[in-house]
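For reference, the structure discussed in these notes is given below.
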Amino acid sequence: LQESESETRLDGETASDSESKSEFGGSSPVPTSDDTPEVLNRALSNLSSRWKNWWVRGILTLAMITFFFIIIYLGPMVLMTIVMCVQIKCFHEIITIGYNVYHSYDLPWFRTLSWYFLLCVNYFFYGETVTDYFFTLVQREEPLRILSKYHRFISFALYLTGFCMFVLSLVKKHYRLQFYMFGWTHVTLLIVVTQSHLIIHNLFEGMIWFIVPISCVICNDIMAYMFGFFFGRTPLIKLSPKKTWEGFIGGFFSTVLFGLLLSYVMSGYRCFTCPVEFNNDTNSFTVDCEPSELFQLQEYNIPVVLQSVVGWKTVRMYPFQIHSIALSTFASLIGPFGGFFASGFKRAFKIKDFANTIPGHGGIMDRFDCQYLMATFVNVYIASFIRGPNPSKLIQQFLTLRPDQQLHIFNTLKAHLVDRGILGSLEDA
């Protein structure tokens with residue numbers, strides 16, 4: 001009963017909230033409900049609503065995990081496509097909430113401009129990615145080379161066009177609402193498009209940097225729900241009354257253990273650990289390389305305090321497993337705040353879910369609210385602790401220079417190696 005009352009009551013409403021509510025229409029802009037398949041409704045008709053929801057969520061979760069394994073098997077290009085599709089769907093769900101408010105005032109161009117800005121931002125980000133990872137292919141084709149050279153100017157011109165269209169669409173007496181919606185669109189782009197772009201960059205560092213973080217978030221979501229469902233007694237946060245400390249703590253330990261085991265299994269396969277690179281000869285992606293030190297078994301000494309407990313003095317593990325502890329810890333302790341943020345957003349508009357795309361789960365955004373926060377952390381983590389210079393990319397760029405520029409770099413590099421005594425020792429050998 002307390003949970004039900006918490007779900008229907010808007011907590012922390014202030015006078016300014018009430019003013020905004022009157023301007024935005026007051027009622028829920030997107031009434032949502034789960035469209036549970038009829039076959040599940042009939043099969044679970046004898047269960048209470050609590051256990052029915054548990055089974056619906058469980059069955060659909062297994063279906064989504066199966067789909068996740070399938071797209072991983074299909075390779076990086078399919079994963080890129082799926083990430084883009086998820087991004088578009090998440091953007092649609094958030095913008096639809098704003099559109100239902102905005103549309104009631106019969107104001108022009110909001111939906112058109114929102115999708116136009118999505119196109120502009122995707123053109124910028126994916127153009128940067130293509131130039132970075134398909135550099136030699138871009139240099140071979142004249143139209144692509146021109147687009148690459150002026151890519152940022154074209155992107156800015158496209159955005160500037162949308163900006164001017166927005167200014168021309170302003171309607172007297174509704175300026176503030178229109179600027180609310182302009183900000184709404186840009187914050188949505190920041191949250192959804194930027195993060196999906198970072199997910200793709202993580203993917204190109206090696207599929208393991210894509211799969212392990214996402215799997216840790218999924219594991220934490222499932223285990224927190226399970227521990228909360230069976231053992232939950234202590235509320236965790238008012239924004240999500242159903243979240244409990246028992247679920248939060250149980251999810252943390254389960255996710256760290258899961259991350260260690262998954263990392264151990266995946267670190268032994270080159271298809272997961274090698275960076276995704278573009279092969280100029282076959283015009284396709286390859287994931288074959290000599291594994292770096294991160295993915296080679298090494299022996300570590302166990303702290304003396306723990307030796308008497310576990311009975312071992314050393315343990316063999318992959319260095320990546322140590323990094324997986326950081327990833328799984330973030331997924332368990334900080335990642336859920338993405339969900340809390342989404343809960344606060346939904347409470348602000350008195351909606352249960354962003355949409356009713358997945359029975360028992362809500363919309364796509366309801367399932368990816370924590371993933372986007374995780375993607376940013378992984379990208380920052382790789383840049384700070386993992387990534388180093390990429391010789392293959394340097395060589396690709398070197399080969400596109402004019403002959404005189406190549407000779408200048410060659411002579412400079414040769415002089416540097418001679419000064420350090422490296423070139424002379426190689427010649428003597």
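The backbone N, Cα and C atoms fix where each Cβ goes, glycine too.
Where the annotation comes from TrEMBL, it is an automatic prediction and has not been curated.
Annotation comment: TrEMBL describes 1-22 as compositional bias 'Basic and acidic residues'.
Positions annotated as region 'Disordered' by TrEMBL: 1-37.
Taking Cβ pairs closer than 8 Å, the transmembrane segment (109-126) reaches residues 84, 88, 91, 95, 98-99, 102-103, 151-152, 154-155, 158-159, 162, 165-166, 169, 178, 181, 185-186, 188-189, 193-194, 197 in its own chain, all 6 or more past its ends. The transmembrane segment feature in TrEMBL is assigned to 109-126 (among others).
Among the features that TrEMBL reports, transmembrane segment is placed at 153-171 (among others).
Annotated transmembrane segment per TrEMBL: 178-200 (among others), in sequence order.
Annotation comment: TrEMBL describes 206-232 (among others) as transmembrane segment.
Residues or ranges marked as transmembrane segment in TrEMBL: 244-266 (among others). Long-range Cβ contacts of the transmembrane segment (244-266) within its own chain (Cβ-Cβ under 8 Å, at least 6 residues beyond either end) map to 208, 211-212, 215-216, 219-221, 223-229, 231-236, 272-273, 317-318, 320-321, 323-325, 327-329, 331-333, 336.
The annotation transmembrane segment is assigned in TrEMBL to 320-342 (among others). With a threshold of 8 Å between CB atoms, the same-chain residues lying at least 6 positions outside the transmembrane segment (320-342) that come near it are 208, 212-213, 216-217, 219-220, 224, 237, 239-240, 243, 248, 251-252, 255-256, 258-260, 262-264, 267, 273, 294-295, 354, 365-366, 369-374, 377-378, 381, 385-386.
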